[in-house]
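Q: Once you've had a glance at the structure underneath, I'll fire off some questions.
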Amino acid sequence: MKNELDIPQPPDQTNPIPVQDPVAPKSAFSSLPLYYYMIPEWLTFQAIVNNIMAFTPIFSYGSTILSIIKQDSSIGFSIDICCTMLVASILRINYYFIESFEITLLRQSCSMIFIQCILLYVSLYYKLNKDVKIITLHNHNSIYHQKYLYTNSNDSNEFLNYLPMIINFFKKSFEFSYLCLIIIFQNFINFFDPYYKRSFQFWQWEAEYKYWLFIIQFTIIISFSTFLFKDSIFYSNFIGITNLLIESLLPLPQILLLNRLKSVKGFKSILLFSWYCGDLVKTSYLLFGTKKINSFFIFFAFFQTTLDVIIGFQFIYYKFFYNTDNDSFIQNQSFTQILRNRNRNRNRNNSLTTNINNTIQMINLELTEKKITPRPSLNLS
């Protein structure tokens, strides 16, 4: 019988014998401590990408600020962009206290408010109010009165028969609804056009302090409302959808301004590039980065992307293909020279109108003495 002492025992697992890997080469850094190989958290790829996203507005809109200072004019840049981004960023920050999201987006909103305040100050400082001639919108109430609210007595025979009256009623109702939609859409578009006079002259004030007063009042009202209704689901959805709607309308004022100027001078290509990058990141996150997403988010994201694509076509067309004789002459001039020429032409027209009116008044005096009906004065305004 074999003795138990002759049975081979397994090696002690508590103190294993270190086995050196014959394949691993020896280097001079093999004796360094482990913390030498650790990368700082702020140098990781994720941290670098987050910081780039957070501070992108400073670089993109900072180039626009330098361009305005260099040209000594804010023509070509719509200050409605400042209003849009300030309101959207304030709403996004308040939404963070209701339902927290990625901290990078919060930092981006803070940097956006910082750079937009500087951009608004510079734009208002260099803005030449004489260049933008505000046009009063046409009073569409006269259309309602003339076409629908006024009934001619000669048309009363149409209502003698029952069937023609019903057909006429539906026809008039359809025309009235169609006209209302056209007018609402036109007024909505004109609201973003700086050449048209808005209600209460919103964001078209002549005094600079009114812009800052509106931003302060809006911030206080939204912050106080968020403090009161932060537990309300309806309020959180309202803040989120309103933020997306306002942010999606960001390119619309610039589209209307470029269409008016027929030129892209003063509009930086890096700003358009940053908009495209933002659309790409936002669309990629909505489609692939999350599963539970509201359809409103996707709709507004694609709507903003569509407007940015329109600006891209405008930029290419007005920069490389739009070149007529008169416009090429204007493009070779500076904005200051263009404004001086316009003011000079206005003064000439005013003096010419004054001389013509004086002549007509003298003729009217002579005609009055001869008891002849006087002619009306000339009005070229």
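All residue numbers here begin at 1 and follow the chain in the order shown.
Note: Cβ is positioned from N, Cα and C throughout, glycine not excepted.
Here the structure is a predicted model, which means the values were calculated and not measured.
Feature annotation from TrEMBL assigns region 'Disordered' to 1-22. If you look up TrEMBL, you'll see 48-69, 75-98, 110-128, 176-192, 212-229, 235-258, 270-290, 296-318 marked as transmembrane segment.
A description of the local structural setting of each listed feature is requested, covering burial, neighbours and distances.
A: Long-range Cβ contacts of the transmembrane segment (48-69) within its own chain (Cβ-Cβ under 8 Å, at least 6 residues beyond either end) map to 77, 85, 104, 107-108, 111-112, 114-116, 118-119, 122-123, 126, 266, 268, 270-271, 273-274, 277-278, 281.
Listed as Cβ neighbours of the transmembrane segment (235-258) (distance under 8 Å, sequence separation of 6 or more from its ends, same chain) are residues 76-78, 80-81, 84-85, 87-88, 91-92, 94-95, 98-99, 189, 192-195, 222, 225-226, 229, 264, 267, 275, 296-297, 300-301, 303-304, 307-308, 310-311, 314-315, 318.
Beyond the ends of the transmembrane segment (296-318), by six or more residues, the same chain brings 241, 244-245, 247-252, 254-255, 258-259, 262-264, 267, 269, 272, 275-276, 279, 282-283, 286-287 to within a C-beta distance below 8 angstroms of the stretch.
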